[in-house]
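Participant: Please read through the structure below; I'll follow up with questions.
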Amino acid sequence: MAVFKTTLWRLISGTLGIICLSLMATLGILLKNSFTKLSIEPAFTPGPNIELQKDSDCCSCQEKWVGYRCNCYFISSEQKTWNESRHLCASQKSSLLQLQNTDELDFMSSSQQFYWIGLSYSEEHTAWLWENGSALSQYLFPSFETFNPKNCIAYNPNGNALDESCEDKNRYICKQQLI
């Protein structure tokens, strides 16, 4: 009887061991596949929510541009200095992103990168101005008074604007107004 209990115990523990090993192998394969998928996906999603293009009822944007509320946005995948970014946008008949309201902040909220925006300090006006000369609205970035006037402004996914050296390289967003 003791031999039977020992044999039965070995059979049960062996079966459970094989099941555990199978589960661990399956878990390892699933984790490997999910990490591979996560590392590949960001390369194909450069920034803000591309679904916004479907909501654009009054504009037709060129290829690689995203439409949202009668504006087209180019979301760069390469990093440039602020001046290089500004010139590249101008060559596309657009300008660095100028945020008009919190809706555009929502448009940016799905991004996980830093982007140059078209905000710089005007020594002549002693104020932060958008590329078109309009003043920065204080409700967009409540802490804007702490920015260093010698720096340029990058936007981050948490809804904050940060001042960085204009020679640093960041991704950028160009905005083209259609109306």
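Including glycine, each Cβ sits where the backbone N, Cα and C put it.
The topological domain 'Cytoplasmic' annotation in Swiss-Prot covers 1-10. Summarising the annotation, Swiss-Prot assigns topological domain 'Extracellular' to 32-179 and lists sequence analysis as the type of evidence. What Swiss-Prot lists as disulfide bond is Cys58-Cys70, Cys61-Cys72, Cys89-Cys174, Cys152-Cys166. Per Swiss-Prot, the feature domain 'C-type lectin' maps to 68-175. What Swiss-Prot lists as N-linked glycosylation site is Asn83, Asn132, and the listing cites sequence analysis.
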Participant: From the Cα of Asn132 (N-linked glycosylation site) across to the Cα of Cys89 (disulfide bond), what is the distance in angstrom?
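Facilitator: Spelling it out, the Cα of Cys89 (disulfide bond) and the Cα of Asn132 (N-linked glycosylation site) are 13 Å apart.
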Participant: Out of Cys61, Cys70, Cys166, Cys174, the disulfide-bonded residues in the record, which is closest to Asn132 (N-linked glycosylation site) when you go by Cα distance?
Facilitator: Cys174
Participant: Name the residue among the disulfide-bonded residues Cys61, Cys70, Cys89, Cys152, Cys166 whose Cβ has the smallest number of other Cβ atoms within 10 Å.
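Facilitator: Each of the disulfide-bonded residues Cys61, Cys70, Cys89, Cys152, Cys166 was scored by Cβ atoms within 10 Å; lowest is Cys70.
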Participant: So which recorded positions out of Asn83, Cys152, Cys166 end up within 10 angstroms of Cys72 (disulfide bond), measuring C-alpha to C-alpha?
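Facilitator: Checking Cα-Cα distances against Cys72 (disulfide bond), none of the recorded positions falls within 10 Å.
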Participant: Hey, of Cys61, Cys70, Asn83, Cys174, which of those recorded positions are within 10 Å of Cys166 (disulfide bond), Cα to Cα?
Facilitator: Asn83
Participant: Using C-alpha atoms only, work out the spacing between Cys174 (disulfide bond) and Cys61 (disulfide bond) and round it to an integer in Å.
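Facilitator: Rounded to the nearest whole number, the Cα-Cα distance is 12 Å.
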Participant: Among all protein chains shown, how many Cβ atoms are found within 10 Å of the Cβ of Cys174 (disulfide bond), not counting that one?
Facilitator: 24
